[in-house]
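Colleague: The structure is given below, and queries will be raised subsequently.
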Amino acid sequence: MTGNLVTKNSLTPDVRNGIDFKIADLSLADFGRKELRIAEHEMPGLMSLRREYAEVQPLKGARISGSLHMTVQTAVLIETLTALGAEVRWASCNIFSTQDHAAAAVVVGPHGTPDEPKGVPVFAWKGETLEEYWWAAEQMLTWPDPDKPANMILDDGGDATMLVLRGMQYEKAGVVPPAEEDDPAEWKIFLNLLRTRFETDKDKWTKIAESVKGVTEETTTGVLRLYQFAAAGDLAFPAINVNDSVTKSKFDNKYGTRHSLIDGINRGTDALIGGKKVLICGYGDVGKGCAEAMKGQGARVSVTEIDPINALQAMMEGFDVVTVEEAIGDADIVVTATGNKDIIMLEHIKAMKDHAILGNIGHFDNEIDMAGLERSGATRVNVKPQVDLWTFGDTGRSIIVLSEGRLLNLGNATGHPSFVMSNSFANQTIAQIELWTKNDEYDNEVYRLPKHLDEKVARIHVEALGGHLTKLTKEQAEYLGVDVEGPYKPDHYRY
């Protein structure tokens, strides 16, 4: 037997050759391995770290629970972590972002077969329900030996961290609070999972929290959660904010989005972008990548912003700065990229053009009022996976919604390209090494990687692209007040 097809009613882990997992189809492993080998060539940061640390094995003893999009690029990250000595369990951080062949390749491993896998436990498949998503998250955090729980977390969006910290908080309170009637459906599912587990294990999450040495967080939304936990005094372990490393936020967030937004819209709709009116909600690093991508396709781009500095940047690049209410009725394509909630509400959706395209590229699905749309009485026709046509009976107008309001670049396409993810994942690997090997130097606060490590990641990728850096003379370095080998900029420098 080589397949392992997931069905809705099969939420128990599969076990083969001592590895527990739940993925779509193990027989996809060979395809996944071929793509993984190509990705390795495009990810010089991770491959350089493998070579640098192969003998030292700095992550030996680390049991990393990872919650991050289960893509081909993430597969290279996972196998980098294991190459440096870590044990790993994995789940995706989004119900639509898993690439099933990548998940299969990771479970089978480079030296296994579908019948005899020798890789890493993965609990992820494309098209999970929310119940399945949170089940998979719990499996990722539940190690086989209860005396050896997870001792590191690698997170994207903060769901794994939230599961542990909220679980511990409710265990200490002795009760999981009831959901309110108007709570989002996902929050109700989350609380139900914790309540069910509390009935059988009163201190599961407390034990995990006490074991974890630290968390490294990939994205803007997850970092916001970390700072909120820290401000409330609820952060139980040190955290490194990988997102705000320059070689992450200024590259993955902007240049990765510039590539993958167009890919997602093209695969989802095949609509011509040139000449169309496009509204980008938010002009942070992700929004800048979106606006630049659309402009490059010949679209007429407008931007919404709350921050006057970002708004002025947008205008200096030639974009109109408008409100949603001003622009929604004329827009052919609307993309949310704010990291905030309640950006495009039902009244906005109803005001959109017939067959306008609506999508989100922020981490969560609450930027677009999908719950309101579902309650509105509009009819939904699924055109193909992650593409839905919603039609309002009173007006007859239809709206094309991508990936149910979740990340369209991962739901409708394959996410950011390998080279830019090499920057981000090199930072993740370095951050894991930093927290694991120097844990006594960190308090339960949120930190950023030091500048010299950011520059190290950049240097690797400049060389991979054939660039040649100018070297300071000793006299020049003294004049600038820096070391010849860097760091070259103060921490407050904005690039």
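Placed from the backbone N, Cα and C atoms, the Cβ positions cover glycine too.
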Colleague: Which candidate from Glu40, Glu42, Glu186, Glu218 does Swiss-Prot annotate alongside Thr71, Asp156, Lys248, Asp252 at the substrate binding site?
Modeller: Glu218
Colleague: 10 Å Cβ neighbour count around Thr221 (NAD(+) binding site)?
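Modeller: Summing over all protein chains shown, Thr221 (NAD(+) binding site) has 18 other Cβ atoms within 10 Å.
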Colleague: Please report the DSSP secondary structure of Val286 (NAD(+) binding site), reduced to three states.
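Modeller: DSSP call for Val286 (NAD(+) binding site): helix.
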Colleague: Excluding near sequence neighbours, so keeping only residues 6 or more apart in the same chain, what lies with its CB under 8 A of Lys248 (substrate binding site)?
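Modeller: In sequence order, Glu218, Val242, Asn423, Ser424, Asn427 meet the Cβ cut-off.
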Colleague: Which number gives the other C-beta atoms within 10 angstroms of the C-beta of Glu218 (substrate binding site), all protein chains shown included?
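Modeller: Glu218 (substrate binding site): 28 neighbouring Cβ atoms within 10 Å.
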Colleague: Compared by Cα position, which of the binding-site residues Thr71, Asp156, Asp252 is the closest one to His363 (NAD(+) binding site)?
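Modeller: Closest by Cα distance to His363 (NAD(+) binding site) among the binding-site residues Thr71, Asp156, Asp252: Asp156.
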Colleague: Please give the substrate site's span as the largest CA-CA distance among Thr71, Asp156, Glu218, Lys248, Asp252, to the nearest whole angstrom.
Modeller: 17
